[in-house]
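As annotated by TrEMBL, domain 'ABC transporter' applies to 45-283. Residues or ranges marked as transmembrane segment by TrEMBL: 407-428, 448-475, 487-509, 515-534, 601-619.
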Amino acid sequence: MKKQGCEIEAIGINYTIYTQKRENPFKIFSRNHHQKCSRGVQDLHEVKELEKGSTPKVRHVLKDVNCRAKAGEILAIVGPSGAGKSSFLEILAGKIEPQNGSIFVNQKPVDKARFKKISGYVTQKDTLFPLLAVEETLSFSAKLRLRLPATELRSRVKSLIQELGLEHVAESRIGDDRIRGISGGERRRVSIGVELIHDPGVLILDEPTSGLDSTSALQIIDMLKTMAVTRSRTIILSIHQPCYRIMKLFNSILLLANGTILHHGTIEQLSLRLILMGLQLPLHVNILEFAIESIDTIQKQNHTTPQSALMIKNSGKFTLEQLFQQSKLIDDDLSMSIQVGNDFPSGFANSRLQEIVILTVRFWKIIYRSKELFGCKTLQMLVSGLVLGSVFYNLEDNLVGAQARVGLFAFILTYLLSSTTEALPIFLQEREILMKETSCGSYRVSSYAIANGIVYLPFLLILALLFSVPLYWLVGLNKQFMAFMHFLLLIWLILYTANSVVVCCSALVPNFIIGNSLVCGMMGSCALFSGYFVSKNEIPNYWIVMHYISLFKYPFEGFLINEFSGSGKCLQYMFGMCLARGDQVLKEEGYGGEESRRKNLLIIVCFILLYRFISYVILRIRCSQGGLKNILISR
């Protein structure tokens, strides 16, 4: 049975932004999301106030845009660069809000949260995990977005792969610029498939043929046309100068220039209109290309004809009642009251625990397949443990050996906390996908944060073992087994602390360069104020707070206490008498004894939880609708 489709209608959409010059050239923080250094102007009074100053610059992106897209058809939004195509698509998809205007689904005001459940939005950039296979990518998307038994999920994924024409690459990895994978056209089909997995009634695509050759572009549009007809799906897409064969697949077009409508109707109506204007189509020239080249002439014609008359002439579908409704709602905010459809769950598809399990499995596959993070890192930790063990081999139990041990502990901390930025690009990539997936309600941000924290625990434990086992016994540290276990625990927590810092920085910074600089700066300052290079008593009072928040301080004390406290080691003899024991040296240096073990461990765990919580808060703000407009870090 053919399901009822969704007819989308937009009336009086206006969207205005202003750009502002940065007064400080060294300022790296700016506003995020679509605006970058821009934000929406909320009313005409604010626009006038901005125009009075010399710095703000107002730009009207969309001006009274009206359109209609019917079920089972493709509406193509065309126009030159800067015409407002992407902004209009983002408004239709609910990613940004216009200053005024209304959007209807099946002639009813749209509930934005509900509309995201019945629609899919494919961005121009393919945001996919390169190390996952095609079938895995669609399978994880299905698990996160659908409440179906496992057998039905697998069946839907297999059916969608067949519909997308991806059977021959189902087991192939997505790939990217660094990792060889599927072709660009196939990658674009996977991006579309991720948004089709929940069988939406509306599919919105931002330039789905961008970067593809003519054959791949035609295949994509032909596939979308088939989906529109067979599934009664409403498809709205933007495209830049399509070829003739692609153009013939469109049911209607919306021609934009400088944020205003030049034409809304069929290709035949556009051709007739150009002829009535006295414009002759040259041979071997696409009608849309010719229309874009003739924008000035069309705009002059539009100035002499009221827009309501143009809409009736072009689409022939606006009734008097709808035009009256348009004039009534033209200044209203985006309406969001009536829910649409009953086929989609209003909440999340899975419980929080199920989300955590699914995301943890996906994370682990990515980590395991990341050669730089898994293979190279494990080899690096094993080799570095062996090298350090050979350099500090079999240290003696005297003052010279004690000084060497202290130097070894300081180097271990510096090395482990400063060599963790290789995971930064992975976290930055995950952030883009997180924002995309949570924007359509696939899962909770908190589930992502918890899964991200869980998945690295066993991986970092393996690294800690590979590093600690050869190092500890080659150097000849405290030979008690529990002392070794405590040393292993400290190494594990140090690695996890570094991982948490990188996660926090990746949530905050716009790119790898700034993130790398921030992580290195933080670790350098923590090392400086740890108490090793400059003792606590010699740190100026105005810097003493840095000593107590240093990530180096507490594991460094933990190493010293674990090695010298309660070990019974005598560091200096004279005439057969012990003059200096490890416990005495610790007290003279201001370090606690056995009672400080648990305190240091607790503080390290608190640091980990703090950085994890900060990263969650930042990601929550970024992924929320308000954060997209107000967060201070731009990509």
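Quick reminder: no glycine exception, Cβ is built from N, Cα and C everywhere.
Remember, TrEMBL labels are computer predictions, not curated facts.
Counting Cβ pairs under 8 Å to the transmembrane segment (407-428), the top-ranked stretch among 448-475, 487-509, 515-534, 601-619 is 487-509. Highest Cβ contact count with the transmembrane segment (601-619) among the listed stretches 448-475, 487-509, 515-534 falls to 487-509 (criterion: pairs under 8 Å).
Per-residue confidence over the domain 'ABC transporter' (45-283) averages out at a pLDDT of 86.
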